[in-house]
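Visitor: Below are the features listed in Swiss-Prot for this protein:
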{"type": "SIGNAL", "residues": "1-22", "note": "signal peptide"}
{"type": "DISULFID", "residues": "47-65", "note": "disulfide bond"}
{"type": "DISULFID", "residues": "54-69", "note": "disulfide bond"}
{"type": "DISULFID", "residues": "64-73", "note": "disulfide bond"}
{"type": "MOD_RES", "residues": "76", "note": "glutamine amide"}
């Protein structure tokens, strides 16, 4: 009986301690780029111009500025 009461008290104490010591997320930045704005610039990629190698061919792969890739970036059809 005493052991059960001590275990219950210990669990309640540790639970309360966790809530008291937890960080308040309202004071922190919301997005990763707000945490370290310089790092977000590393993720920005430029597109490849016409006649540059773009890899596996498929439309709108995001590598070519024109959006057309057939092993090399091709100009947009008009």
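Every residue, even glycine, has its Cβ placed from backbone N, Cα and C.
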Visitor: Provide, as an integer number of angstrom, the distance between the C-alpha atoms of residue 69 (disulfide bond) and residue 76 (glutamine amide).
Guide: 10
Visitor: What's the CA-CA gap between residue 54 (disulfide bond) and residue 73 (disulfide bond) in angstrom, rounded?
Guide: 6
Visitor: Drop a 10 Å sphere on every Cβ of the disulfide-bonded residues 47, 54, 64, 69 and tell me which sphere holds the fewest other Cβ atoms.
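Guide: So among 47, 54, 64, 69, the disulfide-bonded residues given, the one with the fewest Cβ atoms within 10 Å is 47.
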Visitor: Could you tell me which of these disulfide-bonded residues, 65, 73, has the fewest other Cβ atoms within 10 Å of its Cβ?
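Guide: Counting other Cβ atoms within 10 Å of each of the disulfide-bonded residues 65, 73 gives the minimum at 65.
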Visitor: By the DSSP assignment reduced to helix, strand and coil, which category contains residue 64 (disulfide bond)?
Guide: strand
Visitor: Whole-number Å only: compute the distance from the Cα of residue 76 (glutamine amide) to the Cα of residue 47 (disulfide bond).
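Guide: Rounded to the nearest whole number, the Cα-Cα distance is 14 Å.
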